[in-house]
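Have a look at the structure below, then the notes.
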């Protein structure tokens, strides 16, 4: 069945909501299972451990608040918690995406075919295994782009005043953009679009992608919901690809 995803591009909020609808389509569910299992096992275990450590980490982070800002501690404490959740959530979602990258690519490919009626390459399980080195190279490209920027932002957390006020906001914006790159890259990579060209394409609709990435980042911090976010975000990003980028960048139709 060909979907009606041929209308004008919508907001990033719309595509995120579509991800929740598309992930449950009958012919798509079987491609959701493996990414979902990876995410449940890794994110579930990681966040369980995180919540056992918060009572140690948050006081440590708050100790960097200078005396002249202590009167704002009742506001800075929630910011400190959100900061830890943002950094921790993005770190482990990155690991989960590395592990599940081949299956996320397959999910994006099959959903795109479902939405457009196009015929994807007949890859199969052996095709996926053969493509793993190229997929992992692509993940390394994303990591190499992300790491130096993340290090600079993490250093800001240790600057008194800035680390408890400005740094959390900057990290949220950065993680929103990086998650948009992470999930939108699956359909782009299925069509062998170079990483640099993909980033350039996303910048042409930066607000849409920031909206999508911001919601993905927020849901990554929410217990239980974050267990399902990976396949949902892949589906939402694929819907965005079909509406916004496919006409210009598609390799197969």
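Backbone N, Cα and C atoms are what each Cβ position is placed from, and that goes for glycine too.
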When Swiss-Prot is consulted, the range among 201-221, 222-242 described as transmembrane segment turns out to be 222-242
Which range of 130-150, 151-171 is transmembrane segment in Swiss-Prot? It is 151-171
When Swiss-Prot is consulted, the range among 31-51, 52-72 described as transmembrane segment turns out to be 31-51
Checking 75-95, 96-116 against Swiss-Prot, the stretch recorded as transmembrane segment is 75-95
Other same-chain positions with a Cβ less than 8 Å from the transmembrane segment (222-242) and lying at least 6 residues past its termini are 5-6, 9, 12, 15-20, 22-23, 28, 32, 35-36, 38-40, 43-44, 47, 51, 89, 93, 96-97, 100, 104, 107-108, 111-112, 115-116, 179-180, 183-184, 186-188, 208-209, 212, 216
Other same-chain positions with a Cβ less than 8 Å from the transmembrane segment (75-95) and lying at least 6 residues past its termini are 42-43, 46-47, 50, 54, 57-58, 61-62, 65, 69, 143, 146, 154, 157, 164-165, 167-168, 171-172, 175, 178-179, 182, 217, 220-221, 226, 229-230
